[in-house]
Amino acid sequence: MHAITNSGWVEVITGSMFSGKTEELLRRLRRAEIAGQDVAAVTPAVDDRYGEATLGSHAGRSWAATVVEPTAEGVASIPTLLNGEQVVAIDEANFFPAELVDVCQELAADGRRVVLSGTDQTFRGEPFEPVPQLMAIAEYVDKMRAICMQCGEPATRNQRLIEGEPAHYDDPTVMVGAEETYEARCRNCHVVRRE
């Protein structure tokens, strides 16, 4: 793979929950910091599982982050929050509105490396915008896989469980949770109730 070095670019790390997306994002941030690059991290206000101003992984690793409201206005404020950082990390991109795509384009055009992580599918197995749009404009895309909690195969789906049972198709899309409300599942074991 030829690395881009003369301009900004966009990287997307995606996949199901528990696939290591945030771990990979944190790894890239650590490498950028070791290389002497200034790093800024952003996380949505809806995800406070690991602390108010923290980008955190299920494995317990974390990074200080600026909390941004997941609104058009909040996303538009991201460039104004920066102080010359060359690397901008955005975790849980799926919780931000479509305006995030234009902001990432702007940051990359300004010569910055933009690294995003977020799941590309809802619990229904449908596209979770704006991540698919971000994947389309990105120079680099990595799709991570977890392990299916039912059969052990590679998992690419988010199984939402409510009181231990698969969620209904009509349940709300956004519901921040951890192991008690979601499991990684493969295509064959993924269930969405429609009755």
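In case you wondered, yes, glycine gets a Cβ from its N, Cα and C as well.
Per Swiss-Prot, active site, proton acceptor is recorded for E92. Per Swiss-Prot, the feature ATP binding site maps to G15, S16, M17, F18, S19, G20, K21, T22, D91, E92, A93, N94; the stated evidence is sequence analysis. The feature Zn(2+) binding site is assigned by Swiss-Prot to C148, C151, C186, C189, with sequence analysis given as support.
Of all the recorded positions listed here (D91, E92), the one with the fewest other CB atoms within 10 A of its own CB is E92. If you compare Cα positions, C189 (Zn(2+) binding site) sits closest to S19 out of the binding-site residues S19, D91, A93. Taking the centre of the Cβ atoms of C148, C151, C186, C189 as the Zn(2+) site, the nearby residues of that chain (Cβ within 8 Å, site residues left out) are M149, Q150, G152, E153, A155, R185, R187, N188, H190. The Cβ of C151 has fewer other Cβ atoms within 10 Å than any other of the binding-site residues M17, A93, C151, C186, C189.
Over all protein chains present, the Cβ of G15 (ATP binding site) has 25 other Cβ atoms lying within 10 Å. Those residues noted as binding ATP (G15, S16, M17, F18, S19, G20, K21, T22, D91, E92, A93, N94) have their most widely separated CA atoms at a distance of 15 Å. Shown in sequence order, P154, A155, A184, R185, C186, C189 are the residues of the chain, 6+ apart in sequence, with a C-beta less than 8 angstroms from the C-beta of C148 (Zn(2+) binding site). Taking the Cβ of S19 (ATP binding site) as centre and 10 Å as the limit, one finds 24 other Cβ atoms among all the protein chains shown. K21 (ATP binding site): 28 other CB atoms within 10 A of its CB, across all protein chains. In the three-state DSSP reading, G15 (ATP binding site) counts as strand. Rounded to a whole value, the Cα-Cα separation of D91 (ATP binding site) and C151 (Zn(2+) binding site) is 29 Å.
Each residue contributes its Cα atom, and for the residue listed as 'active site, proton acceptor' and K21 (ATP binding site) those atoms are 9 Å apart.
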